[in-house]
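> First, the structure itself, so that you have it in front of you.
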Amino acid sequence: MAALPGTVPRMMRPAPGQNYPRTGFPLEVSTPLGQGRVNQLGGVFINGRPLPNHIRHKIVEMAHHGIRPCVISRQLRVSHGCVSKILCRYQETGSIRPGAIGGSKPRQVATPDVEKKIEEYKRENPGMFSWEIRDRLLKDGHCDRSTVPSGLVSSISRVLRIKFGKKEEEDEADKKEDDGEKKAKHSIDGILGDKGNRLDEGSDVESEPDLPLKRKQRRSRTTFTAEQLEELEKAFERTHYPDIYTREELAQRTKLTEARVQVWFSNRRARWRKQAGANQLAAFNHLLPGGFPPTGMPTLPPYQLPDSTYPTTTISQDGGSTVHRPQPLPPSTMHQGGLAAAAAAADTSSAYGARHSFSSYSDSFMNPAAPSNHMNPVSNGLSPQVMSILGNPSAVPPQPQADFSISPLHGGLDSATSISASCSQRADSIKPGDSLPTSQAYCPPTYSTTGYSVDPVAGYQYGQYGQTAVDYLAKNVSLSTQRRMKLGEHSAVLGLLPVETGQAY
């Protein structure tokens with residue numbers, strides 16, 4: 001049908017069934033109100049303008065029939081937030097009208113008594129200005145300077161607009177209706193006016209749907225039985241994202257709704273992602289020597305070994321009851337590799353072990369070919385050089401017995417015990433353990449006597465770790481002394497530094 005000459009064809013709204021390209025940028029569509037856009041659901045909207053009235057009616061009708069807001073959003077191609085806001089406002093106020101566009105609501109600063117006086121003054125003198133009404137209120141004593149609101153003039157103007165503006169609008173509407181009746185019905189303006197009136201009547205905002213909606217109540221948590229959980233877990237092992245057919249089949253088998261099944265899978269996927277992240281963190285921590293274990297994993301304190309595996313031997317003293325017992329500290333990280341190296345070198349010093357009757361480590365602890373346990377802090381923290389020493393004990397040269405000999409003295413150790421000749425060059429770099437507590441300080445007897453406690457026990461006992469640490473420290477001092485002597489000889493030959501200095505800075 002061709003349009004009448006001289007008329008502008010009205011743009012029809014696109015039907016909801018049309019498919020719009022879903023790209024990253026919204027598609028612009030021409031609408032009677034201006035440039036519209038297409039949302040991600042394919043629906044047309046105008047930015048900053050309220051949703052059309054017929055769509056608001058449709059939203060309320062669908063909600064009245066029990067359709068969920070998410071389904072309403074997909075079918076009408078309206079955003080979920082818009083649907084929820086319209087339904088919430090309809091439940092609270094019973095109206096589907098949109099709110100005010102921009103601005104803030106005016107403040108009601110004038111009291112009802114003051115408003116009555118304003119109306120009375122306006123009736124007496126219709127040409128009275130707002131500031132004149134304010135002065136009249138102050139003069140008559142209805143308000144004083146301290147109680148006059150700051151926006152009294154604007155409040156008076158608003159009251160005048162509300163009370164007396166309606167009458168003026170009604171008079172203007174009556175005049176327009178009279179002028180419209182005088183126009184011919186067969187004219188172009190009359191035809192378009194009739195069409196416009198019909199469209200306006202169909203989209204009148206004042207026509208409320210008057211449909212009762214169920215008040216949204218908070219749903220109680222669903223409790224699943226063991227049989228239902230078993231069925232759901234089996235389905236979750238097959239797929240984490242079941243389709244609609246799988247969900248409906250599960251709903252029939254478990255006597256649940258399809259929505260409950262969908263929500264259960266969503267929660268189960270979240271729990272699975274959390275568990276997977278925790279497992280990855282635990283696997284990463286196992287790769288690090290000092291990594292923190294997960295919270296649910298039992299841990300053993302490092303260097304806490306049973307006494308039955310490492311027995312101690314008591315050396316009886318004939319002439320006295322005084323015992324000199326070293327109190328070692330727990331080995332630090334710096335000593336981990338050295339403990340294992342010293343224990344490996346104990347095989348080459350069998351004469352020293354037989355002399356003092358000290359028991360060595362078990363084969364399972366010292367065997368390099370034994371399976372590595374992730375809970376063993378010593379084996380995990382070893383460097384490749386230390387592992388090579390463990391695999392080849394003969395690489396460590398045997399030391400003379402004089403470097404390792406510990407001779408307990410009857411009646412206590414002399415405080416002026418001199419350092420052995422092999423350790424004389426190391427004496428300045430070793431600090432005494434005076435600052436440490438006596439019960440926990442560790443010092444070998446060849447260096448100092450401040451780290452020993454005197455107990456009246458008939459017997460001389462060495463802990464396994466104390467003896468191993470003594471061996472390691474003595475061996476370390478001897479090896480470093482030999483290296484420094486060789487370095488001094490090479491430096492003297494090359495003429496780099498005099499031999500007397502001992503160390504270059």
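Glycine is no exception: its Cβ is also placed from the backbone N, Cα and C atoms.
What you are looking at is a predicted structure, and each value in this text was computed from that prediction instead of being measured.
The annotation DNA-binding region is assigned in Swiss-Prot to 34-163, 217-276. Sequence annotations record features per position, and here Swiss-Prot assigns compositional bias 'Basic and acidic residues' to 167-188. Swiss-Prot lists Lys105, Lys139 with the feature N6-acetyllysine. Per Swiss-Prot, the feature region 'Sufficient to mediate interaction with PAXBP1' maps to 27-210; the stated evidence is similarity to another entry. Look at Swiss-Prot and you will find 37-93 tagged as region 'PAI subdomain'. The region 'RED subdomain' annotation in Swiss-Prot covers 113-163 and is backed by sequence analysis. Residues or ranges marked as region 'Disordered' by Swiss-Prot: 167-224, 389-409. The motif 'OAR' annotation in Swiss-Prot covers 479-491 and rests on sequence analysis.
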> List, in sequence order, the same-chain residues at least six positions removed whose CB sits under 8 Å from that of Lys139 (N6-acetyllysine)?
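Those within reach of Lys139 (N6-acetyllysine), by Cβ under 8 Å and sequence separation of 6 or more, number none.
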> If you run the three-state DSSP split on Lys139 (N6-acetyllysine), which class comes out?
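SS state of Lys139 (N6-acetyllysine) = helix.
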> Counting by DSSP secondary structure, give me helix, strand and coil numbers for the DNA-binding region (217-276).
43 helix, 0 strand, 17 coil
> Please count the residues of the region 'PAI subdomain' (37-93) that DSSP assigns to helix (H, G, I), strand (E, B) and coil.
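The composition, in the requested order, is 34 helix, 4 strand, 19 coil.
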> For the region 'Sufficient to mediate interaction with PAXBP1' (27-210), would you mind checking the mean pLDDT of the predicted model?
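Reported value for the region 'Sufficient to mediate interaction with PAXBP1' (27-210) is a mean pLDDT of 69.
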